[in-house]
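Q: Copying in the features that Swiss-Prot gives for the protein in this structure:
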- Cys169-Cys217: disulfide bond (DISULFID)
- Cys261-Cys301: disulfide bond (DISULFID)
- 35-144: domain 'Ig-like V-type' (DOMAIN)
- 147-234: domain 'Ig-like C2-type 1' (DOMAIN)
- 239-317: domain 'Ig-like C2-type 2' (DOMAIN)
- Asn104: N-linked glycosylation site (CARBOHYD)
- Asn111: N-linked glycosylation site (CARBOHYD)
- Asn175: N-linked glycosylation site (CARBOHYD)
- Asn210: N-linked glycosylation site (CARBOHYD)
- 1-34: signal peptide (SIGNAL)
Amino acid sequence: MGPLSAPPCTQHITWKGLLLTASLLNFWNLPITAQVTIEALPPKVSEGKDVLLLVHNLPQNLAGYIWYKGQLMDLYHYITSYVVDGQINIYGPAYTGRETVYSNASLLIQNVTREDAGSYTLHIIKRGDRTRGVTGYFTFNLYLKLPKPYITINNSKPRENKDVLAFTCEPKSENYTYIWWLNGQSLPVSPRVKRPIENRILILPSVTRNETGPYECEIRDRDGGMRSDPVTLNVLYGPDLPSIYPSFTYYRSGENLYLSCFAESNPPAEYFWTINGKFQQSGQKLSIPQITTKHRGLYTCSVRNSATGKESSKSMTVEVSAPSGIGRLPLLNPI
């Protein structure tokens, strides 16, 4: 396509007075080899942007052309016209101040609004044919820019395998199809969903610590889609069965005993140590310097998660040998 011609500026005569998609227009009854066509540039333009109705294959020997809003060629729908002789622009009642017509018949609409959607009529008048002319129609199909969806959730801190979760994708519209994503993978639509809008609510009967997300929802219409910001769950779980380290259970008197306990838990669990059922101390680590035989017995690490209300424990038996020389039989002199 060639460059646009500059809009005429020698004389102006004024009477009293989203996203858009465009289809190509073929003019009717035009007795030339190359048909006049119109295309929108860009084919999709966001509300508030500019769109150019670019005319191709404009015939020679023209007297002028007129643009109308809609398919009725009357004064009320008259936007603007261009008279070749004198390079005159004439503006009608439908002119908003945002339209610019060029000498090649192309029409620029600036700061596009929803009201700009619909049909446009271009009437081309050839010299010697001022009354009949050639008329064609060009239609904008309104394409609204999708809003950015967002997720609401009934519980952002669910308990593992216990709480039912309900994700809702907003906003609600019968015109949207809703799609859910987990860790970048689309989730299958439940067979119970009969209408696309019903999929805007995602129900999870239970959730595990491996299903924290991120979760995203996407809304789609016939022209495109828009995805929400990711949402990550804080799944409460545990405590799992704890482990005690090191695992060996035999000590000599006078050695130092160091034990640590760990259990998977969110939030972190509280730790308690008991020896033979008697509370010893709290915390993950237990240390007893210079252990003696009185420290023999059953060592238990108990863990508790106040958020989940769960508890768990692990026990081990510790043996302590007597000091060297204690508890041994005296040596006998050989006969």
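Cβ coordinates come from backbone N, Cα and C, glycine included.
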Q: Mind checking how the domain 'Ig-like C2-type 1' (147-234) divides into helix, strand and coil residues in DSSP?
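A: Secondary-structure composition of the domain 'Ig-like C2-type 1' (147-234): 8 helix, 35 strand, 45 coil.
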Q: What is the number of other Cβ atoms found within 10 Å of the Cβ of Cys261 (disulfide bond)?
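A: I count 23 other Cβ atoms within 10 Å of it.
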Q: Roughly how many angstrom lie between the C-alpha atoms of Cys217 (disulfide bond) and Cys261 (disulfide bond)?
A: 41
Q: Write down the Cα-Cα distance for Asn175 (N-linked glycosylation site) and Asn104 (N-linked glycosylation site), rounded and given in Å.
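A: A Cα-Cα distance of 39 Å.
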Q: Give the three-state DSSP assignment (helix, strand or coil) for Cys301 (disulfide bond).
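A: Its secondary structure by DSSP: strand.
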Q: Can you tell me how the residues of the domain 'Ig-like C2-type 2' (239-317) break down into helix, strand and coil by DSSP?
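A: Going through the domain 'Ig-like C2-type 2' (239-317) residue by residue, I get 3 helix, 45 strand, 31 coil.
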Q: Would you kindly give the Cα-Cα distance separating Asn210 (N-linked glycosylation site) and Cys261 (disulfide bond), rounded to the nearest Å?
A: 23
